[in-house]
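S.K.: Input: one structure, supplied below.
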Amino acid sequence: LLFFSGLTATEKKLAEYKCNTNEAIQLKLVRFPEDLEDENTTFNPEYSHQVFGDDEVAFGYKGLKILLYYIAGNLSTLFRIEYTSRVNEKFDCVEADDVESKIREIIPPGFCTNTDDFVSLLEKEVNFKPFGMLLHTYSIHNEEAGEDITYQIYKADMTCPGFREYHERLQTFLMWFIETASFIDVDDERWNYFLVFEKYNKDGATLFATVGYMTVYNYYVYPDKTRPRVSQMLILPPFQGEGHGAQLLETVHRYYMSSPTVLDITAEDPSENYVKLRDFVLVKLCQDLVCFSPVKLMQGFSQEMVTEAQQKLKINKQHTRRVYEILRLRATNMGDAEQSRSYQLDVKRRLIGPYKKKQRELAKMRRCLRPEEMTNQLNQIDLNLQREQLEESFQQLVSDYRRVLERLAQA
């Protein structure tokens with residue numbers, strides 16, 4: 001008994017040395033020395049499982065703080081670990097996790113480890129200028145500051161002096177904010193980089209702060225075209241919800257629109273948020289095309305829509321279909337039974353495609369399977385269930401589409 005109670009006491013003691021890494025990691029984008037002490041400028045990761053495992057826990061410390069502070073523009077980094085106490089191999093017979101080496105694996109060398117060095121780098125920040133070619137300038141009214149703030153979007157590549165090192169620091173943020181992030185092969189020249197910066201004033205000078213970025217890979221399409229595919233897109237947390245993602249995606253579309261060799265633009269494994277953003281941007285771009293006039297929308301989805309959206313705006317067929325459904329919803333009076341029914345049928349016909357395919361596969365199987373094998377397969381496909389799922393998918397889509405239309409009405 002004594003032995004067991006001793007064990008639980010040890011377990012209890014060791015449990016106190018577990019820290020949630022999403023809370024322990026403290027990120028900052030620093031513009032002024034006073035930002036270092038200001039808790040309002042701190043933000044935390046959404047994810048840390050790629051560095052600290054699925055539990056997102058670091059063992060062996062109490063009051064663990066992993067400080068990763070970046071200078072707002074060129075992202076020079078301060079990395080420090082602080083804790084109130086740590087397990088001791090001698091007394092506790094266990095070893096603390098090597099937090100430092102885990103972080104060192106993802107941040108490039110050349111970071112500061114003390115605040116004084118970091119602050120002296122901050123004074124040189126006035127020399128930092130965005131990389132590459134300016135594509136777009138826009139401004140957003142900031143309630144807090146009571147003024148319009150100017151932002152700029154640039155296209156950069158690895159030939160820009162200093163960009164390679166800057167990009168290495170920038171991509172470390174992916175680990176904390178994209179669930180399945182990976183670093184890219186920067187030596188492959190097919191990558192394009194699009195960067196968003198905020199212009200701000202400090203002691204009468206104009207400085208630039210990093211807001212976010214997007215990487216796009218240019219796939220070759222036989223014989224002489226490319227198909228740019230959006231790989232990663234991140235707006236840093238202090239800037240989220242201000243409309244920068246939409247500005248960035250629209251700017252990238254406009255950049256490729258002017259190129260005769262681009263076929264259309266796709267995305268790799270898009271997140272739910274990215275799909276919502278893309279819906280908004282593409283609908284905004286398409287709504288003034290002749291083929292999307294209310295009269296034509298009511299006549300149904302057409303090849304004309306596919307062709308015009310691809311040729312003028314570099315939008316692929318699948319995305320054009322979504323744009324059509326959203327704009328047709330706007331043109332439809334859902335209070336009118338006939339219009340509403342016609343819209344439902346049109347969308348559900350597309351949604352049922354995968355089910356129909358399954359049915360065709362079943363028919364094929366029927367011809368070559370023994371009856372007892374068939375019943376097992378058939379049980380998976382119950383028509384009533386299909387109808388329910390179809391209705392659910394439709395309702396979910398319509399509510400997503402309405403949100404896009406609301407945002408469009410405010411734009």
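Numbering starts at 1 and runs along the chain as displayed.
Just so you know, glycine gets a Cβ as well, placed from its N, Cα and C.
Straight from TrEMBL, here's the annotation block:
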- 17-179: domain 'Histone acetyl transferase HAT1 N-terminal' (DOMAIN)
- Trp191: site 'Interaction with histone H4 N-terminus' (SITE)
- Glu268: active site, proton donor/acceptor (ACT_SITE)
- 278-329: domain 'Histone acetyltransferase type B catalytic subunit C-terminal' (DOMAIN)
S.K.: Provide the three-state DSSP residue tally for the domain 'Histone acetyltransferase type B catalytic subunit C-terminal' (278-329): helix first, then strand, then coil.
M.R.: 41 helix, 1 strand, 10 coil
S.K.: In sequence order, which residues at least six apart in the same chain have a CB under 8 Å from the CB of Trp191 (site 'Interaction with histone H4 N-terminus')?
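M.R.: In sequence order, the residues whose Cβ lies under 8 Å from that of Trp191 (site 'Interaction with histone H4 N-terminus') (at least 6 apart) are Asp157, Met158, Ile184, Asp185, Thr215, Val216, Tyr217, Asn218.
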S.K.: Would you count the other CB atoms within 10 A of the CB of the residue listed as 'active site, proton donor/acceptor', including those on all shown protein chains?
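M.R.: Excluding its own Cβ, the number within 10 Å is 11.
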S.K.: Please average pLDDT over the domain 'Histone acetyl transferase HAT1 N-terminal' (17-179) for the predicted structure.
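M.R.: Taking every residue of the domain 'Histone acetyl transferase HAT1 N-terminal' (17-179) together, the mean pLDDT is 94.
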